[in-house]
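**Q** Please find one structure pasted underneath; my questions will follow.
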Amino acid sequence: MLFTVSCSKMSSIVDRDDSSIFDGLVEEDDKDKAKRVSRNKSEKKRRDQFNVLIKELGSMLPGNARKMDKSTVLQKSIDFLRKHKEITAQSDASEIRQDWKPTFLSNEEFTQLMLEALDGFFLAIMTDGSIIYVSESVTSLLEHLPSDLVDQSVFNFIPEGEHSEVYKILSTHLLESDSLTPEYLKSKNQLEFCCHMLRGTVDPKEPSTYEYVRFIGNFKSLNSVPTSAHNGFEGTIQRTHRPSYEDRVCFVATVRLATPQFIKEMCTVEEPNEEFTSRHSLEWKFLFLDHRAPPIIGYLPFEVLGTSGYDYYHVDDLENLAKCHEHLMQYGKGKSCYYRFLTKGQQWIWLQTHYYITYHQWNSRPEFIVCTHTVVSYAEVRAERRRELGIEESLPDAAADKSQDSGSDNRINTVSLKEALERFDHSPTPSASSRSSRKSSHTAVSDPSSTPTKIPTDTSTPPRQHLPAHEKMAQRRSSFSSQSMNSQSVGPSLTQPVMSQAANLPVPQGMSQFQFSAQLGAMQHLKDQLEQRTRMIEANIHRQQEELRKIQEQLQMVHGQGLQMFLQQSNPGLNFGSVQLSSGNSSNIQQLTPINMQGQVVPTNQIQSGMNAGHIGTSQHLIQQQSLQSTSTQQSQQSVMSGHSQQTSLASQTQSTLTAPLYNTMVISQPAPGSMVQIPSSMPQNSTQSATVTTFTQDRQIRFSQGQQLVTKLVTAPVACGAVMVPSTMLMGQVVTAYPTFATQQQQAQTLSVTQQQPQQQQPQQQQPQQQQPQQQQQSSQEQQLPSVPQPSQAQLTQSPQQFLQTSRLLHGNPSTQLILSAAFPLQQSTFPPSHHQQHQSQQQQQLSRHRTDSLTDPSKVQPQ
């Protein structure tokens, strides 16, 4: 019984274990399933995103429109990136990195600008004469469209008499040893020669006109063209030139007109249908110009307003324009013919205008004419004129076949020279030609009809001679008249027969070919010319800088008053007013002698003549002084001579108000003959110090016993009422003058008062160093032996803004009269300390003068105003 119970218990336990294990397995399966679902979702999301990227990448790839698989899309993308990397490397290798090339211009823009400046164009021809590239500038020089020349033989545009010589020149690179000997080879593969080229015309039936041109270039092997660009090259050169082009050599040259032109046409337009508006009066004068006009014609609105529109039109178009304007006045609106407009860059641009007349809203009278000008290309103009002549305009067959065979718009005239020779791909990359030149106002260049050369189309081969040419050249405002010019001598007579079908001549096989560098010889020649031009420009810049420096120096001298205004703002000036002079007499002055001051001799007769005119000539010394700080900031001063002179009038027997800047040197009278006035002005360091002792020695010199001093020039001349003292508060210190002989001529005392205006802001004065106190005490003891002058206290100086120096009496005596004057002219800041040598010298002078002086009475008193 017990066994049965235990067995039942064990079986129940086993059942529970099995159920728990099953439940655990189910839970694990659920977890794994959830993980798989999540993983599948993320994988599907990743695949969808990858497919979207592949589809987007495939849509960006050029070529087939059919659906491509993923591997094809990736392969084409890799090929494109590899080709792009190669092209970038080639572009960087051929980039012009010299200093003479502006950094803001690309190679194409720089090349086009240089060609326009040189009156030339690029031409790439095969050795058999087939033209594979021509730059757009050929239109403005020879009136040919690039499409007229490409895939044509160069011999079709050269006189028959010159075919043999040109063919011989183009074939020189095929010779083994004799190829470097001809005279037209400059260096290695570079050559230069001259010939005539046919000028394009609107009417092919017109007589042929040739221009004398110069070819400068070198040969370039087409083996250097990358393999990835061969397909593009096959689309560029046509039909018969495709086989064995790897073994061919082309001649790349810069073709320049032998005779430069003055004004040339601007014939290419990168952005068609460019337009701008203007308003004209009924007399066809400009009243308004649109903001879109300056980038096109170069003129700003204010440059053309008020001028007649006929001033900018080509003389050959005036007759047709006059008819169009007559039609406008009759019908009120209309469209003009194609005409040429002279831009600010002295180039002709083709325009067509739609215009109408606006009427006043009240009286219905004509008010002005509104014009909308549209820029057109020379190709449109030529096609329109040929249609008027009944000539069917058609592109060359080769060009038409080329566009059909290549299957893309790879116009050779818009492909740069580098692409035509190195990449030859399908994508057109227009060179920056007309727009850059049209928007830049460069100087005059040429007129397309200036120097044509008439050459008769004869089957014979006569020797080349001077070829006369006569054609009228229109210039703006009729400033240039018609000119007749003779072309240059072409050279020796032709020695070989004419080869009219040079394009069909076979090229020998197996001949050696030269491997040339990527740098074109034409660009090297252009570089040399630009370097020479750069040196000339630099010389002009240096000369202009030197002239500018001289002008600035003169302006600094002329505009010295600006510095004076700065000093008057930063430092207070001096105001000398109420110069009181007692009754004087100038009739006793009999003789004037030169005055020697500071080592300078001033003739007093010249000063006398100036005083008779009632003026005192003052020469200005400009002093540049920095603001004095409250701390120990040193003063800096600089004297600059000025070309101006200041006239100050003094009237005798009256009061005069003298306002002088800090740098004035007054001219004051001195009647004594042979007198020499030496006026060193001291700078006291404290306003409470004793006054300066002034002595007059036997040699009639004024000397001061102060230490280190600033010497003030005081040139004297006779004046009727005494002397005028002009001190300089900031720099000059005390200024005293004396007249030993003038006192003998007067019977009553004279009073001399000088007003000094104190600064508006009184800076705290620095104390004198301790080592200078014994010297001051010694000086004070010496001054006590003589009649002293009382000095006002510090409180008096601060309360009264002006101080006076009065001399109450001048005693009569011998010429060595001693005069003690005190001038209380305190400074803002600490002044220069007195030197020991000067103080010792002053003491000796005082001791010497003590034996020679007379008694003095009533020392001068300083009284506040």
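Cβ coordinates come from backbone N, Cα and C, glycine included.
Okay, these came from Swiss-Prot:
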DOMAIN    34-84  domain 'bHLH'
MOD_RES   SER38  phosphoserine
SITE      ARG39  site 'Interaction with E-box DNA'
MOD_RES   SER42  phosphoserine
SITE      GLU43  site 'Interaction with E-box DNA'
SITE      ARG47  site 'Interaction with E-box DNA'
SITE      HIS84  site 'Important for interaction with BMAL1'
DOMAIN    107-177  domain 'PAS 1'
MOD_RES   SER408  phosphoserine
MOD_RES   SER427  phosphoserine
MOD_RES   SER431  phosphoserine
COMPBIAS  447-463  compositional bias 'Polar residues'
MOD_RES   THR451  phosphothreonine
MOD_RES   THR461  phosphothreonine
COMPBIAS  856-865  compositional bias 'Polar residues'
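Each of these features: where is it, how hidden is it, and who are its neighbours?
**A** All protein chains considered, the CB of SER38 (phosphoserine) has 10 other CB atoms within 10 Å.
Long-range Cβ proximity for ARG39 (site 'Interaction with E-box DNA'), meaning a same-chain Cβ under 8 A and a gap of 6 or more residues, is found for none.
The secondary structure of SER42 (phosphoserine), as reduced to three states from DSSP, is helical.
Around the Cβ of GLU43 (site 'Interaction with E-box DNA'), 10 further Cβ atoms fall within 10 Å across all displayed protein chains.
Secondary structure from DSSP puts ARG47 (site 'Interaction with E-box DNA') in a helix.
Cβ-based neighbour count (10 Å, all protein chains) for HIS84 (site 'Important for interaction with BMAL1') stands at 10. In the three-state DSSP scheme, HIS84 (site 'Important for interaction with BMAL1') is classed as helix.
Taking H, G and I as helix, E and B as strand and the rest as coil, DSSP gives the domain 'PAS 1' (107-177) the counts 39 helix, 13 strand, 19 coil.
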**Q** Please compute the mean pLDDT of the model over the domain 'PAS 1' (107-177).
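**A** Computed over the domain 'PAS 1' (107-177), the mean pLDDT is 80 on the 0 to 100 scale.
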**Q** For ARG47 (site 'Interaction with E-box DNA'), list the number of other Cβ atoms lying within 10 Å of its Cβ atom.
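**A** There are 10 such Cβ atoms around ARG47 (site 'Interaction with E-box DNA').
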**Q** Using Cβ atoms only, which residues of the same chain lie under 8 Å from SER42 (phosphoserine) while being at least 6 residues apart in sequence?
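**A** Non-local contacts for SER42 (phosphoserine): none found.
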**Q** Measure from the CA atom of SER38 (phosphoserine) to the CA atom of HIS84 (site 'Important for interaction with BMAL1') and give the result in Å, rounded to a whole number.
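**A** Between the alpha carbons of HIS84 (site 'Important for interaction with BMAL1') and SER38 (phosphoserine) there are 42 Å.
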